[in-house]
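Okay, so here's the structure we're looking at.
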Amino acid sequence: MAQDNASRVTEFILLGLSDTQELQLLFFTLFLLAYAMVLLGNLLIIVTVRTDPKLSSPMYFLLCHLSFIDICYTSVTAPRVMVALLSGHKAIAFEGCMAQLFFLHFLGCSEMFLLTVMAFDRYTAICRPLHYTAIMAHGACWALVAACWGGGFIHSTVQTVLMLQLPFCGPNTIHSYFCDMPPIIRLACADTTLTEWLMASNSGLISLACFLVLVASYALILAKVRAHVSQGHWKALSTCASHAMAVTLLFTPCIFTYLRPAGTSPTNKYICIIYTTFSPMMNPLIYTLRSSEVKESMWRLWKSCRV
């Protein structure tokens, strides 16, 4: 035991996306632009929703929280990636790596639950319009958001505890640009079969279950719209289309990454860019371009700022 403690890994080396200098500059530029779009786009949504009384419906309340999660979620990985690409410093302390893993799954899982709640909101608005105000009351919205944060915290705590119980005494090179379970668990100096299946059943099944619930809700909405065609229903369906785009960007790579034991095959680090950076970057564009109310509110906000 003493020998294991003495040889315990104290830091990991993140290999990043490429060793080529030209590609590192390219990736830095891409991450910088994407991170700037995430910050500006989501902050604009938050300010717009918070300042316009016309955007007080539950859908925009949930959208505001989604934008806040996206900002925090991307901030877990993007700034450090950019610093590493510029400075070439790829080492990260063991504690820092575990913290990054915790917040990544905390915020990522909370976003999955929140997108599921947003789908429930659209289902209620279209399929049960007479009961919508009562079901999606202000207190109920806050309770649903709190449940999303609580579920994400429990999920991330379980994942982090499972990771902390593993011994790391040998290789410390992570073939990725951030700390995540699949590449880290391969470095453990022990049989990780049970841990891999526990982690896959946790992250993978949560991703799959949320995705199936979302698909089912959109199927019910589509059936309702086809049965009762009206301008209001088509407007709601347009909103659901934007939600479906966001869901596809987030859930597809997550299911591919986590719904399998970590040691079965290497994780494609370029696929990870989709759900850590590209999806949060596209969310503001998807929601604002598909919502005339948000665009009109942003235009009014712009005109008021110019006065």
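Glycine too: its Cβ is placed from the backbone N, Cα and C atoms.
TrEMBL labels come from automatic prediction, so no person has curated them.
Positions annotated as transmembrane segment by TrEMBL: 25-47, 59-78, 98-120, 132-154, 204-225, 237-258, 270-289. Under the heading domain 'G-protein coupled receptors family 1 profile', TrEMBL lists 41-287.
Within the chain, the transmembrane segment (270-289) has long-range Cβ neighbours (under 8 A, six or more residues past its boundaries) at 17, 31, 34-35, 37-38, 41-42, 44-45, 63, 66-67, 70-71, 73-74, 77-78, 104, 108, 176-178, 180, 242, 245-246, 249-250, 252-254, 256-257, 295, 298. Long-range neighbours of the transmembrane segment (98-120) within the same chain, counting only residues 6 or more positions beyond its ends whose Cβ lies under 8 Å from a Cβ of the stretch, are 59, 62-63, 65-66, 69-70, 72-73, 76-77, 80, 92, 144-145, 147-149, 151-153, 155-157, 159-160, 163-164, 178-181, 184, 203, 206-207, 210, 213-214, 217-218, 240, 243, 246-247, 250-251, 254, 275-276. Confidence over the domain 'G-protein coupled receptors family 1 profile' (41-287), given as mean pLDDT on the 0 to 100 scale, stands at 85. Nonlocal intrachain contacts for the transmembrane segment (204-225), taken as residues 6+ away from its ends with a CB within less than 8 angstroms of a stretch CB, comprise 109, 112-113, 115-116, 119-120, 122-123, 126-127, 155, 233-234, 236-237, 240, 243-244, 247, 251, 254-255, 258-260.
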